[in-house]
Amino acid sequence: MEGEGRVLSPKERSSDSCTSKVFLQKLLAELLGTYILVYAGCSAVVTNISKDNVITLPGVAATFGLVVMVMVYTLAHISGAHFNPAVTIAQATCMRFPLKQVPAYIIAQILGSTLASGTVRILFGSKHSEFPGTIPSGSHFQSLIVEMIITFVLLFVISGVFTDDRALFAELLGTYIVVFAGTTAIVTNLRKDNLITHPGVAMTWGLAVTVMVYTLGHISQAHFNPAVTIAQATCKRFPLKQVPAYIIVQIFGSTLASGTVRLLFGAKHSEFPGSMPAGSDFQSLILEFIITFILLFVISGVSTDNRAVKELGGIAAGATILLNVLIAGLISGSSMNPARSLGAALVYGRYEGLWVYFVGPILGAIFGAWAYNATRTKIDNASNVIGIYGIGIGHIASDASDIYGSAMRAALAEVQISKKTIEVQMGSAMHVDVGSKRLTPGNSILMT
């Protein structure tokens, strides 16, 4: 927690008081942030309804997402940028927020939302039915479960601070969230007369992957896909012994997500693209091979090459998913993921064409990863820095091989050193073995 391990200044100590100037500034930030968020989002909803769907549902979703992002960057350093009683209460239960400040935060948030709703009503003369999120359009049970799941996703992302020993749990939850979000968008689009649109569905898949990569990449490497796990293992960037466990939890997460969608919407098997081909098996096989090849080619570039801008890895992965769904979604379903396809098949007991979604993605992933390897330049001169996910772990000096760095922070299993080549293999070790010596954080080894 902030301030732990150091002496707080009098100003910081006084900020805990519910009557201090600093705390009142926090409340004002929460009120204004909630007002702007609710006003912008509800205005987009009302405008979309009154202007014959000119903004579209993806546009409305983008409005809410953008205004949250803007307000977080503007006010997070002041109030924490909750803008939501559910966030405040959840953070308090995890002891990340003072319990005594919860009531005041909630009052400020409710006041901000009420003022925003009143402003929209005055400006547009809006009806109650034009304020989604206040009355369910489906059954109460459907809305309850959907709200619980999407708020779970929100807080899971916000609280993405699990420790490394929870990698399998992270893979399960990440796979569940990605498959649930994408499949729900597909089913909703089919049920609501193409309201979301195919580009909107593609955007949903891409955004879900991007969010989960940034939330869980530092924990489990954010595979969420057996094809990714297998491909990384064949390139020695992931420990082979961990592959079976990863695949099992990925399939479990996908199956739970598919079951949830079926329970909520009574969805038919035909509403789960990516579990059986819409075109011929041959068409879908080739498409799945190509798009998964592209996916692993991109992932290998942005996450394993020290020359890439690794901070943008999540965006690159999400954009690739979006692109691939646009390319192949209406033919093969753009699975790229054996776990996603098998989960739906298990829920419905339908397995025709399933082999396409095993052979195509797995082979495409392996070829994509190795194709990028073929473009990779060997590190054979001085002053090259190697790293994973933007974390430098080693350096070659001009007169000796002096290796040092933050192995504890990087996900490394082994560094092999020869005179002209350095190979980095990804894993979950807290140390690096170099020959017969062990490198731990803060130590260095001089190779002669």
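Keep in mind that glycine also has a Cβ here, set from the backbone N, Cα and C atoms.
Taken from TrEMBL, the feature transmembrane segment covers 27-49 (among others).
For the transmembrane segment (55-76), the list of distant contacts is 29-30, 32-33, 36-37, 40-41, 44-45, 47-48, 83, 195-197, 199-200, 203, 207: same-chain residues at least six beyond its ends, Cβ to Cβ under 8 Å. Taken from TrEMBL, the feature transmembrane segment covers 55-76 (among others).
Residues annotated as transmembrane segment in TrEMBL: 104-124 (among others).
What TrEMBL lists as transmembrane segment is 144-162 (among others).
Among residues of the same chain six or more beyond the transmembrane segment (169-190), those with a C-beta under 8 A of the stretch's C-beta atoms are 146, 149, 153, 156, 162, 196-198, 200-201, 204-205, 207-209, 212, 215-216, 219-220, 222-225, 246, 249-250, 252-254, 256-258, 260-261, 264-265, 267, 271-273, 339-340, 343-344. What TrEMBL lists as transmembrane segment is 169-190 (among others).
The transmembrane segment feature in TrEMBL is assigned to 196-216 (among others).
Annotation source TrEMBL lists transmembrane segment at 245-265 (among others).
Marked as transmembrane segment by TrEMBL: 285-303 (among others).
Marked as transmembrane segment by TrEMBL: 315-334 (among others).
Residues annotated as transmembrane segment in TrEMBL: 354-372 (among others). Within the same chain, residues 225-228, 230-232, 234-235, 274-277, 281, 284-297, 299-301, 304-305, 332, 335-338, 340-342, 345 sit at least 6 positions outside the transmembrane segment (354-372) and bring their C-beta atoms closer than 8 Å to a C-beta of that stretch.
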| field | Close approaches to the transmembrane segment (315-334) from elsewhere in its chain (Cβ under 8 angstroms; 6 or more beyond its ends) | value | 198-199, 201-203, 205-211, 213, 272-279, 283-284, 287-288, 290-291, 294-295, 298-299, 301-302, 341, 356, 360
| task | Quickly jot the same-chain residues contacting the transmembrane segment (104-124) by Cβ under 8 Å, restricted to those at least six beyond its ends, or write none. | result | 18, 23, 26-28, 30-39, 42-43, 46-47, 50, 79, 82-85, 88-89, 130-131
